[in-house]
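Participant: So that we are looking at the same thing, I have put the structure below in structure tokens.
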Amino acid sequence: MSSQQDVPRLFHIPLKYISLVTLTFQNSALILIMHYSRVMPGYDSNSRYFASTAVLLNEIIKLVVCSVVAAFDRGPRLAWVEVFSRDCWKLAIPACLYTVQNSLQYVAVSNLDAATFQVTYQLKIITTAIFSVTMLHRSLSPLKWMSLLMLTVGIALVQLPHDVISFVASSFNLTLRLTGGSEDESETAEKEHHALEGEDEMNRTLGLVAVLIACILSGLAGVYFEKVLKGTNASLWVRNVQLSFFSLFPAFFIGVLMKDGDVIAEKGFFFGYNAVVWTAIGFQAGGGIVVALCVNFADNIAKNFATSISILLSFVASVYFFDFKVTANFVLGAVLVLIATYLYSKPDRRPSSAGTQNKEEYRPVPLHSTTSEETSPRTPRPPLAAFNEKQQ
């Protein structure tokens, strides 16, 4: 009875379930809206908004919101001292990596459909695992290595052109087409697939390269963030303020000035903006804050379950809204990715005696600043990497 009363609740609903719904909605809706903002009818490469301005506005919104909450939580003077502490410069490196990652996400969603992007973006699990082994000296169980291999195969199947799969299948007299119908119907479906303006300009190779680099940066930034901040007691809001503050410099000087400075000076900072673009920016800024807050109340299995559901939702939405062409290799690859994500999130079985002694504990960034007396090793904490993955 007491354990049920100790569960954090909002409107009598456990925050664990609220966080699960929030994670699912944010993961799927953000990618769908970002993709549509880059391929919406009436806009081409010459009339579309500049992604560099969207990345900068995203960081500005997060900086303002988190600064207000941090000042309200700790007081303006104490919040200022905590944000600009002596070790705050350490956040500059992951902040720059996250900024480049956000920019590459816009490149990826501009050249890949939402469903393919969602599946391929799970490569960040592999990169995070590799950097965890090399930088944090962690050891992975055989089950986790098998799930990473399965994840790689699944993503490779999703990215393989359907012609390659059809050629291999024809060699074995197999039929793998899911679209069915005659050739005329297939040609009609192919034309309908490119009904949106931006989809005619999509470069699948460029999108894949952007996702690969973004996943590498995501894994490196997350593991570095965990390595540097392990054992610190700054609050969640202070860390968000620090990340957003240091992100402003690469977003402005590299993205806005160096990359798009000439065209922004000619056409204006808010060129091509509309309600859809502002919605995408709002989801990326506000959604990142909400998910980073909610993930403190959800375990790793719930987080990966939300990711799996968001992949399915993105797949269904891509078929319904963007005329996504379903192929057998995509379905098979997506299923392998879902299974691999589930297997990787399963806790390892260890002997109770040896496992409890050698198990390494990691603390998340707390919602409020704490002292050493408030965080004793007797209180287990969920992994800090849960917070790191959402800083993007």
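One-based numbering along the chain as shown.
Cβ atoms are placed via backbone N, Cα and C, with glycine included.
When I checked TrEMBL for this same protein, it listed these features:
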- 17-37: transmembrane segment (TRANSMEM)
- 49-72: transmembrane segment (TRANSMEM)
- 148-169: transmembrane segment (TRANSMEM)
- 206-225: transmembrane segment (TRANSMEM)
- 237-258: transmembrane segment (TRANSMEM)
- 270-298: transmembrane segment (TRANSMEM)
- 305-322: transmembrane segment (TRANSMEM)
- 328-345: transmembrane segment (TRANSMEM)
- 348-392: region 'Disordered' (REGION)
- 369-378: compositional bias 'Low complexity' (COMPBIAS)
Participant: Counting Cβ pairs closer than 8 Å, which of 17-37, 49-72, 305-322, 328-345 has the most of them with the transmembrane segment (237-258)?
Facilitator: 49-72
Participant: What else in the chain is close to the transmembrane segment (49-72), if you only count residues 6 or more beyond its ends and a Cβ gap under 8 Å?
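Facilitator: Distant contacts of the transmembrane segment (49-72): 37, 79, 82-83, 99, 102-103, 106-107, 110, 235, 237-238, 240-241, 243-245, 247-248, 251-252, 255-256, 259-260, 263-264, 269-273, 277, 280-282, 284-286, 288-289.
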Participant: Same chain only, please: residues at least 6 beyond the ends of the transmembrane segment (305-322) with a C-beta under 8 Å from a C-beta of the stretch. Say none if there are none.
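Facilitator: For the transmembrane segment (305-322), the sequence-distant neighbours (Cβ-Cβ under 8 Å, at least 6 residues beyond its ends) are 20, 23-24, 27-28, 31-32, 35-36, 39, 113-115, 117-119, 122, 193, 196, 199, 298, 334, 337-338, 341-342, 345.
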